[in-house]
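Enquirer: Features from Swiss-Prot:
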- 1-17: signal peptide (SIGNAL)
- 60: O-linked glycosylation site (CARBOHYD)
- 162-232: domain 'Sushi' (DOMAIN)
- 428: O-linked glycosylation site (CARBOHYD)
- 456: O-linked glycosylation site (CARBOHYD)
- 472: O-linked glycosylation site (CARBOHYD)
- 541: O-linked glycosylation site (CARBOHYD)
- 587: O-linked glycosylation site (CARBOHYD)
- 594: O-linked glycosylation site (CARBOHYD)
- 612: O-linked glycosylation site (CARBOHYD)
- 618-662: region 'Disordered' (REGION)
- 618-627: compositional bias 'Low complexity' (COMPBIAS)
- 619: O-linked glycosylation site (CARBOHYD)
- 625: O-linked glycosylation site (CARBOHYD)
- 627: O-linked glycosylation site (CARBOHYD)
- 636: O-linked glycosylation site (CARBOHYD)
- 709-757: topological domain 'Cytoplasmic' (TOPO_DOM)
- 737-757: region 'Disordered' (REGION)
């Protein structure tokens with residue numbers, strides 16, 4: 001160690017007594033840092049403090065690029081000169097296997113990608129602190145030595161935010177620009193000036209300009225003033241030094257401008273395209289905070305994670321973009337039409353193609369024409385009401401009036417006629433009334449036969465038609481009159497047209513009396529089988545009426561049994577009943593009985609005594625003639641209840657007219673027979689179930705027994721003792737070769753050993 005110190009002292013000996021290094025400080029700057037050489041004798045600690053005072057640190061050339069910049073700055077100096085760099089090692093910190101051999105940068109780390117040691121590492125104890133100096137000549141190798149010795153100079157490194165380029169020489173300029181760096185280094189040979197540097201320009205006219213390297217509003221750093229800087233020159237010589245446009249200011253200065261799509265560069269003279277280096281994928285336009293803005297073509301949109309990139313827009317997700325079918329592809333979409341249609345000129349709409357389209361258009365026109373004819377039929381049907389207003393009894397849910405006398409020669413005397421107080425419920429609202437769709441409509445409330453809506457009514461022979469019983473009743477006021485379309489039977493003679501019997505009620509206000517329309521019985525078609533009122537309820541009750549010959553002083557009564565609906569829904573005007581074909585018995589019977597499909601208890605069966613029955617009708621029905629007719633006659637009893645008619649789309653409850661019966665009849669009725677038949681059918685079903693269930697249980701038990709038998713009672717191998725097993729194993733290998741082998745597939749000779757523990 002002492003020998004090395006002596007060698008170092010001997011190397012520095014010739015310089016003792018001589019002038020220090022007479023070279024001026026100089027620097028080399030790049031876009032991000034500067035290296036400055038100060039030829040002043042300092043120890044390592046003094047050099048480090050000098051760099052810190054200027055805002056830098058001792059040089060730390062970590063990469064080959066930084067080392068090359070230091071080499072260009074030092075150049076070919078004297079061979080004996082040394083310069084301190086920022087590399088030191090503490091005592092007893094030798095790490096020869098590392099690139100820096102245990103040395104540490106003055107910044108506190110050991111990261112490096114470049115080393116240039118002058119001597120190989122020596123395995124010593126490292127008892128003292130060591131520092132590294134750079135040779136000023138040759139290959140600028142690194143030498144380690146004592147940190148307390150003074151060397152010829154030191155290298156400082158300065159970092160900064162940005163740099164301004166050196167100014168270009170102008171035509172009216174008196175000399176090169178002089179630059180002053182923040183670390184107080186003055187020179188005219190800089191290529192880059194760190195942030196905060198000052199440039200002084202001297203012009204021939206005697207006036208100069210001073211510029212400062214500052215931050216620009218759009219980002220980065222630049223000179224505070226753009227050229228040209230010297231007055232009196234104007235734009236005549238060489239366009240004022242401007243690349244695109246030169247503008248002479250009022251004060252004699254000139255400024256440069258760029259055409260549209262370009263921006264002025266940092267030198268103040270040249271122009272650059274901001275989109276030339278922009279990372280836009282499709283389209284770029286100058287402007288914006290970065291000097292450019294990215295845009296996408298039609299059919300694309302900017303990506304959410306990267307606005308410079310464009311992604312496809314799925315136009316088919318937009319509602320109504322195509323009339324029928326839409327297919328999306330990258331950059332656009334296309335509309336398609338289904339089979340039988342073709343795309344129109346707009347590329348969106350579809351129209352029927354060829355003859356099919358013409359036929360479709362013709363069908364559409366015919367449909368519209370039919371709708372117009374239907375509307376005309378409605379108008380004609382309503383015009384028929386002008387001369388057809390007559391006095392009719394109120395709707396079933398209205399107050400009762402005097403009972404009709406049916407235009408008969410006799411007038412039956414009912415004890416209840418003196419106090420006609422029938423408790424009909426008040427309607428919550430009047431049912432809506434609409435015009436009939438066709439002249440012949442099946443919306444009838446009070447008729448002598450049930451209204452058949454779901455099927456066409458067959459034409460009946462004249463011999464099977466019931467007599468006509470005209471309805472008469474007290475006259476009503478003009479406000480209470482209800483329009484009626486008279487019953488019309490084109491297939492029947494007038495002598496055999498059915499009579500229309502209506503319920504007599506008290507007068508109601510006009511707002512609660514919708515018109516009563518009688519039914520005409522032509523052959524109905526399915527299209528004309530809808531009720532006249534848009535909100536109607538049809539009682540689907542199958543009613544069978546036995547009509548005997550009516551003796552004198554007997555009133556024909558028909559009772560329809562069924563469930564009574566609540567009075568809150570009286571908004572129906574149509575009865576759809578399906579009558580069964582039963583012969584009408586002309587002989588006198590004590591009562592008239594009506595049966596329905598649902599079984600009804602005998603308490604609900606109503607009979608009419610003979611004493612209260614009116615005289616026979618003028619024309620009796622022929623005996624033993626099957627018909628599809630019933631005779632619903634409106635009740636006049638003060639305690640009878642009006643039938644409640646449900647909606648057509650709901651359930652079909654039974655229609656009921658309640659009449660008091662003085663004496664219940666004991667004769668068996670068709671209702672009881674129907675109930676017994678249904679009970680018998682139900683008993684047959686239960687008998688079938690009672691037979692099937694035990695049979696299934698018996699089969700399951702047999703199956704279980706078979707499984708148990710197969711698993712527990714099958715053949716098993718006999719149990720053997722463990723000694724037998726050993727004997728079998730031992731003698732198995734000593735069989736004589738002449739012993740015959742059992743045939744393949746046979747269990748003969750196969751011994752199994754099963755032991756019990």
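Cβ coordinates come from backbone N, Cα and C, glycine included.
Each of the listed features needs to be described in terms of its position in the shown structure.
Expert: Secondary structure at residue 60 (O-linked glycosylation site), taken from DSSP and collapsed to helix, strand or coil, is coil.
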Enquirer: Could you give the number of helix, strand and coil residues in the domain 'Sushi' (162-232) as assigned by DSSP?
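Expert: Once the DSSP states are binned, the domain 'Sushi' (162-232) shows 0 helix, 29 strand, 42 coil.
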Enquirer: For residue 60 (O-linked glycosylation site), just count the other CB atoms lying within 10 A of its CB, please.
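Expert: I get 18 for this one.
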